[in-house]
Amino acid sequence: MEYKYSTIVDKSKWDPEGLTEGIPLRRHEAGDLEEVGSFRVQEDWRRLVGPLENPYRGSLGPEISFITYTVPECLPERLEAISYSLDYGFMHDDEIDLNIASAELSDVGGALKQGGATGKIDEGKSSSGKRKMAAQLLREMMALDPERAMALAKSWAQGVQHSARRVEEKDWKSLDEYIPFRCMDLGYMHWHGLVTFGCAITVPEEEEEERRRLLEPAVIACMMTNDLFSYEKEKNDNNPQNAVTVIMKINKCGEEEAKEVCKKRIRVECAKYAQIVKETLARTDISLDLKKYIEIMQYTVSGNWAWSTQCPRYHFPGRWNELQKLRAEHGIAKYPARYSLKERTNGVNGVNGVNGINGTNGINGTNGVNGKRNRDEDGDENDARINGNGFKKPALTSQGKDSFVLDDVVALSLNLHLPDLGDGVVLQPYRYLTSLPSKGFRDMAIDALNTWLRVPSTSTSTIKDLIKKLHSASLMLDDIEDNSPLRRAKPSTHIIYGNAQTINSATYQYTEATSLAANLSNPLSLRIFLDEIQQLYIGQSYDLYWTHNALCPSITEYLRMVDQKTGGLFRMLTRLMVAESPGSNKILDRALFPLSHLIGRFFQIRDDYQNLSSAEYSRQKGFVEDLDEGKYSFTLIHCIQTVEANEALASEMMALRAFLIKRRVDGGLSNEAKMEVLGIMKKTKSLEYTLGVLRALQEELEREVGRLEGKFGEENLPLRLMVDMLKV
């Protein structure tokens, strides 16, 4: 999964005991929009429902706010809405804890059920404030993504219905009996809806049972975390539902011992889920959305723990940062969002939301089409052309286009704060390519090397992202340069987006990768990155030069080109991992050079061989595509050198030259011509020779792994597995 909106955070401060080990922590770049949503729902609740402490002890924290860390890849334009929804849920939950009879469960649940079924919630003058808030929130979400907004309302209604059971007194016989009830009571269904809406995910209905099964450890870990930290807040409630209380009663122990039991269970469930994420991402029998959902949900686990350690909701007296204090005292009208949305697409059909959720009018803000002045429920005028990001939008015609009124055009020309165009267009070709199936071989190589190098998770993640961007960019450019119609059995990127957009997207990834390299902890990492990038371009230049001029290189020249081109990425990731390793002063990257060279050479020669001999490869890339491209593969070089050295094959040499010239003129070869070339290769036994070289290199790779295991004093099973996967 590509991470567009978040960065890795060192979680050692928040989890010194390592309870969430194996699960990273990420922070959303647009976290300020969460605060705006939270303070907006607080203002609406006080106006429409009743008194509320200020600031409210909900999702916000002085350093870590809930959604910013638990949904780090939420589409930015949806972040304020799900923040509003979450704190609405917290406020309603607090009412249930204090007095379930006065919490209006049937009214709220009925409103949400109607919203889930019809896409709207009926309201009138006599409607409760909670119903009005739910109705307005649903309208905002429907404007962004109708299908997922209705799914959210439906799942939230199920959670509210379950909360009604809290009035029942329960005599739990065991923790395992308590857990299923509490997991549902936790607000899991509401949270499921928020995440799928926020990240624009739809898990297929036929995978629902599998989704619940895979997610179970994460839900349990979050439930136990919630109960652990909320115990002090809830222990004096009328009807507390808390694991600490249950454990104390069942085990007949004190608070501290019960809390340790909670921590132990959290550690176990986190370890389970970390393994589930890893296994799920490697599966090929489930949808991409289910994979994405399971991967995203791991941040609910780590983010929930980090938030719980410092949030005012669980810690008294609560701490707030300065901006939160100002917004609590003066309102979000005076202190609006500081984050400027780059894009306003709804994630479904690329439709732009107009003002959407960011109106500053409180609960009755409008979409502001045509820039008309509207009145809210209290009769106060508001200008719908001002959104939550604090800038005026240009006047719009009824068709939603820029006004051509002279004053408006001049105002636009003088406006230095126009919204950014965003990177959505430049990323489209890249996102298409990365959505195609991939074996993730380079990620496997990084993880295998880390068995020895112990690189911190932040640097490891950055290197993986960097290598992915470079590899994807090179594939996009290679397909253009080689005129390849297929990539992984799908149309190549340039076939869909055109050469110009694909080149622009690919080069943008190079700039992104450079930025990532500059952010690595070792200052030498950027120099390593630039050195290897230069080698990649030089290697590619020879490949293109030989193809364009129909010049057959020697085996020596071919291998050197492979070292710089294909082997370059393996060498780069190896050198970067060594540079970022805590023991880099004791490890010379030269010690790993033979391995990276061998992998690069084996990988390329294997690719050459499969292009000519594998039916699956033909399905993925086209029949004997290297001959269409005019590439001088290892097998073709051997064939040419063999016929040139054998006078008995003079006629085959003439035919081979004729085919290569024809390919250059026509831009490809017919299947009949390709079959003739394969026939010549059969006579020279070039495929057999290539297979023999591959098997010899395989043995050398295995010996090199053994040598390195001796050097590092540790067996490396992931590396051996990776090498074994390459066998032909």
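Placed from the backbone N, Cα and C atoms, the Cβ positions cover glycine too.
Residues or ranges marked as region '(7Z)-ophiobola-7,19-dien-3-ol synthase' in Swiss-Prot: 1-322.
The motif 'DDXXD 1' annotation in Swiss-Prot covers 93-97 and rests on similarity to another entry. Mean pLDDT of the predicted structure over the motif 'DDXXD 1' (93-97): 73.
For Asp93 (Mg(2+) 2 binding site), the number of other Cβ atoms no farther than 10 Å from its own Cβ, over all displayed protein chains, is 20. Residues annotated as Mg(2+) 2 binding site in Swiss-Prot: Asp93, Asp97.
For 226-234, the entry in Swiss-Prot reads motif 'NSE/DTE', with the evidence type similarity to another entry.
Under the heading region 'Geranylfarnesyl diphosphate synthase', Swiss-Prot lists 323-728, citing similarity to another entry as support.
The region 'Disordered' annotation in Swiss-Prot covers 362-394.
Per Swiss-Prot, motif 'DDXXD 2' is recorded for 478-482.
In this structure, Asp478 (Mg(2+) 3 binding site) is part of a helix by DSSP. Residues annotated as Mg(2+) 3 binding site in Swiss-Prot, with similarity to another entry given as evidence: Asp478, Asp482.
Assigned with DSSP, the residues of the motif 'NSE/DTE' (226-234) fall into helix, strand and coil as follows: 9 helix, 0 strand, 0 coil.
The local packing around Asp478 (Mg(2+) 3 binding site), expressed as other Cβ atoms within 10 Å of its Cβ over all shown chains, amounts to 18.
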